[in-house]
Amino acid sequence: MSRYVFTSESVTEGHPDKICDQVSDAVLDALLAQDPSSRVACETVVNTGLCLITGEVTSNAQVDFIHLVRNVIREIGYSGARAGGFDATSCAVLVALDQQSPDIAQGVNEADDHSGDPLDKVGAGDQGIMFGYACDETPELMPLPISLAHRLARQLAAVRHDGSLSYLLPDGKTQVSVVYENDRPVAIDTILISTQHTSEVEGISDENGIRERITQDLWTHVVEPATADLPLKPNREATRFLVNPTGKFVVGGPQGDAGLTGRKIIVDTYGGYARHGGGAFSGKDPTKVDRSAAYAARFVAKCLVAAGLAQRAEVQLSYAIGVAKPVSILVESFGTGKVTNDELTALVQDHFDLRPGAIIEQFKLRQLPQQRGGRFYQDTAAYGHFGRPDLKLPWEDVTDKASTLLQAEAQQQKQGSSL
């Protein structure tokens, strides 16, 4: 019997890097909402008293970027007396956006393909490799450690926003260690929560007293509600529960650490449980395959698992800049497949159109901000891009395609047995 512990982390929306992801995606939303053909590569930097947005944009949209940035920062919770050295109203906002390089644009606008299919004319915006993953550990077909870490981070933010724990401040991190036996989760070994807080907590000022109070409150108001509907729950006696191990966490957010777009790519995906191609998502329009193809790879992997063709599936895609069709497609089922990896790969090649133009069209990636009232990508920028039933993400809706795959596999097996 194999036994091991696997750990994943998440962060709250007030973490400096996540502030940047949300600002970058808010810029993307604003541009696509007005001009769905906008080309966007927006990077954000924050530190004490400063937010800088930079990158490349080609768009007909007219956006007040400074007003937009301040609204995002304010919504996260950095405003007024509780801003902690980074205030939406008073921080400097610098905008340094250029136009997209014409050399990149020509490859996307007119792919190196001479077929009559218009989708063949939309080339990948860059070279790269992307991975998608799914497994049957949770209802949303995500690995349990990252799913739990996100649940805790969302609940931590929720009790701050609703005032249940009024001493909490925006910055925070969660980490969950899960015990596996024979590759199945059997227990929650450790939960770690680091959360920013006021210098006094409900009249308590000594460090030990503050930590004891926060520990008690977080178990009651965060851990228990976040895990209440799960079959595998933490146990107050058996699960190690660590809170602010350094003792206190008063200075946080951009006052404590600089933040940058794209530095939480493992939090955004599978918590380290699956491989990652290295490309970040936030601030990038759908022609960037770092984003759109990673969404498609997740869709494919989830379809395979939802169809019962594998308990675990990892899909690798690769692209060349200016070329529409993927350079390669590979499926790995880690020995859990109903059929071989080669057969799974063949099913994917036959039933999924993974050209960038087709991915964009299938998921309506350019239209989503307009369809969702001017805001879509910003909400994916915190608490993960996958396994989010709260957001109704199109790449998570696999019911119809999974059924098609199952029928195709059954037909394939029937034909094979008749030979």
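Counting starts with 1 at the first residue shown.
Every residue gets a Cβ built from N, Cα and C, even glycine.
Among the features that Swiss-Prot reports, ATP binding site is placed at His15, Asp171, Gly172, Lys173, Lys248, Phe249, Asp257, Arg263, Lys264, Ala280, Lys284. The feature Mg(2+) binding site is assigned by Swiss-Prot to Asp17, with sequence analysis given as support. Summarising the annotation, Swiss-Prot assigns K(+) binding site to Glu43 and lists sequence analysis as the type of evidence. The L-methionine binding site annotation in Swiss-Prot covers Glu56, Gln100, Asp257, Lys288 and is backed by sequence analysis. Under the heading region 'Flexible loop', Swiss-Prot lists 100-110.
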Spatial neighbours of the residue listed as 'K(+) binding site' that are distant in sequence (at least 6 apart) but have CB under 8 A: Cys20, Ser24, Ile53, Thr54, Gly55, Leu260, Thr261, Gly262, Gly283
Cβ contacts of His15 (ATP binding site) (under 8 Å, same chain, 6 or more positions away): Asp171, Gly172, Lys173, Gly253, Gly259, Lys264
Cα-Cα distance linking Asp17 (Mg(2+) binding site) and Lys284 (ATP binding site), given in Å to the nearest integer: 16
By Cα-Cα distance, the member of binding-site residues Asp17, Lys248, Asp257 nearest Lys288 (L-methionine binding site): Asp17
Residues His15, Asp171, Gly172, Lys173, Lys248, Phe249, Asp257, Arg263, Lys264, Ala280, Lys284 binding ATP per the record - widest CA separation, whole Å: 36
Shortest C-alpha distance to the residue listed as 'Mg(2+) binding site' - which of the binding-site residues Glu56, Gln100, Lys248, Asp257: Asp257
C-alpha spacing of Asp257 (ATP binding site) relative to Gln100 (L-methionine binding site), in angstrom: 30
CB within-chain contacts under 8 A for Asp257 (ATP binding site), separation at least 6: Pro16
For Asp17 (Mg(2+) binding site), the three-state class that DSSP assigns: helix
Model confidence over the region 'Flexible loop' (100-110) (mean pLDDT, whole number): 60
DSSP state at Gln100 (L-methionine binding site), helix/strand/coil: coil
Among Asp17, Glu56 [binding-site residues], residue with fewest other Cβ within 10 Å: Glu56
